[in-house]
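If you look up Swiss-Prot, you'll see 5-25, 36-56, 68-88, 103-123 marked as transmembrane segment. Sequence annotations record features per position, and here Swiss-Prot assigns Na(+) binding site to G75, T78.
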Amino acid sequence: MWLSLVAIGAGAALGANLRWLLGMWLNALFPALPPGTLAANWLGAWLIGIAIALFAQLPQLSPEWRLFVVTGFLGALTTFSTFSAEMFGNLQAGRYAMALTGIAVHVAGSLAMTGLGIATFGALKQLGGIIK
């Protein structure tokens, strides 16, 4: 139990800090359209695709690794609440097209990135780069 909590906490600390950095770097470039949230969600979706495929191939890994990567790191990196707040802010400001576009880009893009992550793992496996 304690090892699981430590794994989740350590992963969450790393993921949250990366999300904060992405926001600081990218949102300064385009403050009207906060790309930090989108980058965090798309990166997290791509990485979870890789993680899903990797953990399926390595069932012998301790469950703490999955907790560290998926629950901790990726759970803290990706942000449904910030995405929701940003889209709701657009709706409140009457920017309906921007809100609907943002929703479509976040959701469809995240699904596509998860599929791309799974495909990335498959391609690396075929190249012999990982999991022989």
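Indices start at 1 and increase along the chain as displayed.
Positions of Cβ are set from backbone N, Cα and C atoms, glycine also.
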Tertiary contacts of the transmembrane segment (68-88), as residues 6+ beyond its ends and Cβ separation under 8 Å: 7-16, 18-19, 34, 37, 40-41, 43-45, 47-48, 51, 55, 99, 102-103, 106
Cβ contacts of G75 (Na(+) binding site) (under 8 Å, same chain, 6 or more positions away): I8, G11, A12, G15
Protein Cβ atoms within 10 Å of T78 (Na(+) binding site), excluding its own: 21
